[in-house]
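Here's the structure we're looking at; comments come further down.
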Amino acid sequence: MMADQPPPLEATPILNEVPLLPNMVNGDSIQQVILVQVNPGETFTIRTEDGHIQCIQGPAHVPMMSPNGSMPPIFVPPGYVSQVVEENGVRKVVVLPHSTEFHPSMHPPPPHVSHYMHPHPALLSHPPHPVYPPVPGTGEMPPQFIHQHPPPPPPHVYQEQEIRSHGRTNFIQRDERTLKMQEHLKKRLKDRQASGQTNNKLNSPPPSPHKAHNSATINTQNGYGKGQQVAGGLIKQKQIGKTKGSPPTDANMGESDTESKNPQDFLISLCKPVVSDVQARSAILSWNPPVTLQNGENHNCVPETFTFEVAISNSGKNGKLKSIYIGEETTVTLPDLRPATDYHARVSATSNSIKESVSELVSFTTESCEPDPPAAPKLITKTKNSLSLQWKASNDNGSKITNFLLEWDEGKNGTLKECYYGHLKQYKLTKLTPSTKYLFRVAAKNDVGMSVFSETVECYTAGVVPPPLLPPRLIEAGVTWLSLEWSPPNGESSDDSLTYSLDMEEEGSGYGFQPQYNGDELSCTLKNLRRSSPYKFRVFAFNSEGKSNPSEVVEYSTNPDKPGPPGKPSIKGKIHSHNVKVTWDPPKDNGGSDISDYVLEMSETLIGSKWERVYSSSLKEHVCDHLKPGTFYKLRVYCIGDGGQSQASDVVTFQTSPVPPGPCHSPCLAGKAKPREITLQWEPPSTDGGSEITEYVVEMASSEQDEHRQVYQGLALECAVNSLLPGRTYCFWIRAANKAGLGPSSEKTEISTAPGPPDSCCTPLLTCKTASCVVATWESPACNGAEITEYKLEWGQTEGLMHIIYTGLCLSYEVKGLTPATTYYCRVQAVNIAGVGLFGETGVVTTPASVPAAVTVLQLLEEDQIENPLPLSTCLAVQWEEPCCHGLEITGYSIEYGEKQLSTVDRVTSHVLENLQPDTLYRIRIQAINSLGVGPFSHSIKAKTKPLPPDPPHLECVVFRYQSLKLKWGEGPSRALISNPTQFNLQMEDRFGRFITAYSGPCHTYKVQRLSESTTYFFKIQAYNDAGVGEFSEVYAFTTTKSPPPSLKAPKVHQLGDNTCEVTWEPLQPMKGDSIVYILQLANGREVDQVYKGPETSFRFTNFQTNCEYRFRVCAGRQYQDSTGSQELYGTYSPSTAFSSQKQEVVPQRVVSITECAKTKKNVLSDEQFAFLLLIGFAIVAILFAVVIQYFVIK
């Protein structure tokens, strides 16, 4: 079907997808194929033979079969007519808008769905995948046909889809990249459809009846929906059961309510992205989130997360796009772009249930910038006094490189300075020092700016044969190797081309010195040498000029090797409890040196691998003493020589004889002592005598002189002694035994039976000393066999919630810091070593009333906290909280401020202090008052009144110019300070007589620019700060000066004769009525003379000498009248023009030919002529180098 103005065929995007219908005809001769054209945004609906409704989204060409050869009836929507068009033997049904006006009362005839035929399979093809994501059609009948036909069953899902060009029967040829992209998108589409069907079955809730009713009433006529902006293929709709609550009387409406909306019934539209903030190497790309189009209307996107992919290309619109971002943001910064490059960007959006949507391409061009850093300069040739460098140009980044800057350090290893600036790519430095290192770097410059410098390169000038070196030094010596080092020659730099040669002579070999090392390092290690042997060494230095003389000969020796392990130690004689004698044999290999020491180490078997040195000497036997009885020991020995320490010998193990155990520690009380029972515990002895403890014996006596009585025997470390008397002290001893016998007794321990806790105390006596202090006293109770160690006093305002405030031995306590007019409770408890006694009776006391407490919260009210505005220069507002009254009502407050000034107020919580001094700091504090007196002062706060508005400063002009005036006012810095509270407002009168603000800020100077010359301007100024805005000053008048004439061009010189020449220059127009005069100067060598002054623009110069060079320059002056008389104001001099009296022609500055220089060799060359000659010579040398490189290197 066609729209009002169908797009051209070549510009139609491939958005159509035509499914393969299942039942195809056999192609008899009576059948005729008819193509129905479906435009973009339209939906074509047909019914298949099995009763299913098939919706085809445009753009598409639908092939249909006519079984009898006639045209099937096509029913069009109101306002459209059908027309049959034949093209290339194929007839098409085209629907066009009707010229007559459409009225809603007109109804089309009911559709005859049975006349629609199936598409022929021969006319359909299968490209890989549609370019854009498929969105299915609605699959619904037009609302005017619902009452005539029952709703059809849901359509099938066809995975294979076709792309047809708009209005063509052939396919659009695609390149290989597009086909690969289509295959990739087709694979992703199948995966999403499979996952989407599963998610819809499991997670999709049934639609509400209201939404189902609305979807059934969409304006769809003759099998297609008007305004459906969809693209892609068809997806099978799921049929859901009838919604609960729908009216049972309307069957058609109930079935319509059960149809579910597929998320892919929406068309996702992605707007063209926007590029902003385009820089040389970055840009910002932003876009709006996708919107949905349904029935031609915009809707918000389904509530799900979209994934956006940004791709860019710098090879044209048809170039390969590179993905640079995948995420959920709608604004992306494009980094790492190339300057001055055209880019094309595209955004695509995808989600779990919606296929990919691609935006239009957006194009932008990055800015130009400074060039890239060039490569480091390369050394071409070098001599003793010159270096020739060459470099290559870098990427210009959109702006042509105009010059190069070459810097060097002048061979001083300091700051790099400029040595060449120009457009050439090579440079030669002369008058250099031989054998010297120079650092170079280069940078490129274009119209945008200067690039970063290249890497610094080191270059060396050629030198002479290096001087003799110092003899090599020994770094470290080994058994079979020696590590040597040496220093570079004195006065020589460490050139990369300087190499060294080390010669060695082995004593007794008879071969003399032999080379062992040749390289550029300053150290080497010689290996595979004989141990403990002397060697002689010398070193040479080489460079490109030759070989130096040898250094002095030095001699170094290798170290001796470590000796072998000694023989295994052996026990000599009997093993005693505390000592043993050990001997051993010397090693078989002494390592090339004598054995200086033997070291004997011992370790206890139980400790493990911890070895202790017990002997170190040259003897080969030792007596080990101070051993533990019955303990296993291990012994090993190693020896020490000049070559180092040997490995340890084999280990020998032995055990000492045991002895009776040592004395035990005194027994101690286990737990608490009871009146008739004591439990004792002890620890094993510190030494068991080398044998396991077999039993313990406990002995007891009433005193140390009484007979000891055994009360326990066994292996346990604890026992209970019964049948004791309470309050008595007993003595206890303990002994340990092993297989060697019974050990000595421990020290005596005296333990007493437990006493009882003390009795409860009596009621304490409470006496009020002041309103905030009470004295509590009590009597001591019975101690019950143990002295009382402390008393505990509990205190509180509630009888059941008291806490301990005193612990000690005193019988009285003074409680301070109490609140007046408050009732308190207290009680006392006694404690001894036996326990804690019971609390006594509770005492009660009430404190008398007192003056109010101090005010705890006092603060200054800010300006925004005051309801009525106050003059803060003379007033301060304070606020406080009411303190505790201490039993009597507060009657007022006394406020102290300033120099002990008092202000009494009633019972309020805020007050305004008036009649204060401006810009003054006040110290404020407050106290409460009741009938008993004045309470204590509160803490002090400091407050400062604001100052009065400032007076205007004096304004003056410090610098007069013809286009600007620099004004200054007040005393202070010229620049703004953050801490400066005073601001200034400078106003200037405009041409209409109004004063406008020229500057506002804290500075004390301001330069007014863009003024006219010799013009009077009027100014006034005011100051303001936190206190307010001050008054304006009086009006000041300042006048700009006159401007000097501009600089003239170089004068022209024409020789009129052998001894006469004429000098001319360009004239200037009078400046605001002031006449112009000119001054002509003549320079001969260093002498400068004025040869003319007047209003003329030419002058004839005569009587000049031959074979001399003269220079002329001219300046313009301005003559005007002022109050002091006639004045003249001169501008700058023009460039000079050279004139030679011999050549009879004018030579412009900086232009001298080679032939003329050859003729006037006796004359001194100017700076411009010398520079030109140097440039010509450098160009000739460069051309010769290029020819040599071309001939010898390239060919």
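Placement of Cβ uses the backbone N, Cα and C atoms for every residue, glycine included.
As annotated by TrEMBL, compositional bias 'Polar residues' applies to 194-203 (among others).
Sequence annotations record features per position, and here TrEMBL assigns compositional bias 'Polar residues' to 214-223 (among others).
Taken through DSSP, the compositional bias 'Polar residues' (548-560) splits into 0 helix, 4 strand, 9 coil. Per TrEMBL, compositional bias 'Polar residues' is recorded for 548-560 (among others).
Taken from TrEMBL, the feature domain 'Fibronectin type-III' covers 269-369 (among others).
What TrEMBL lists as domain 'Fibronectin type-III' is 373-464 (among others).
Averaged across the domain 'Fibronectin type-III' (468-561), pLDDT for the predicted model comes to 87. Per TrEMBL, the feature domain 'Fibronectin type-III' maps to 468-561 (among others).
For 565-659 (among others), the entry in TrEMBL reads domain 'Fibronectin type-III'.
Summarising the annotation, TrEMBL assigns domain 'Fibronectin type-III' to 660-756 (among others).
According to TrEMBL, the domain 'Fibronectin type-III' annotation covers 757-850 (among others).
Residues or ranges marked as domain 'Fibronectin type-III' in TrEMBL: 860-948 (among others).
The feature domain 'Fibronectin type-III' is assigned by TrEMBL to 949-1044 (among others). Assigned with DSSP, the residues of the domain 'Fibronectin type-III' (949-1044) fall into helix, strand and coil as follows: 0 helix, 45 strand, 51 coil.
What TrEMBL records for 1047-1137 (among others) is domain 'Fibronectin type-III'.
What TrEMBL records for 187-262 (among others) is region 'Disordered'.
Positions annotated as region 'Disordered' by TrEMBL: 548-574 (among others).
Sequence annotations record features per position, and here TrEMBL assigns transmembrane segment to 1170-1194.
Residue counts for the domain 'Fibronectin type-III' (373-464) under DSSP (helix as H, G, I; strand as E, B; rest coil) come to 0 helix, 42 strand, 50 coil.
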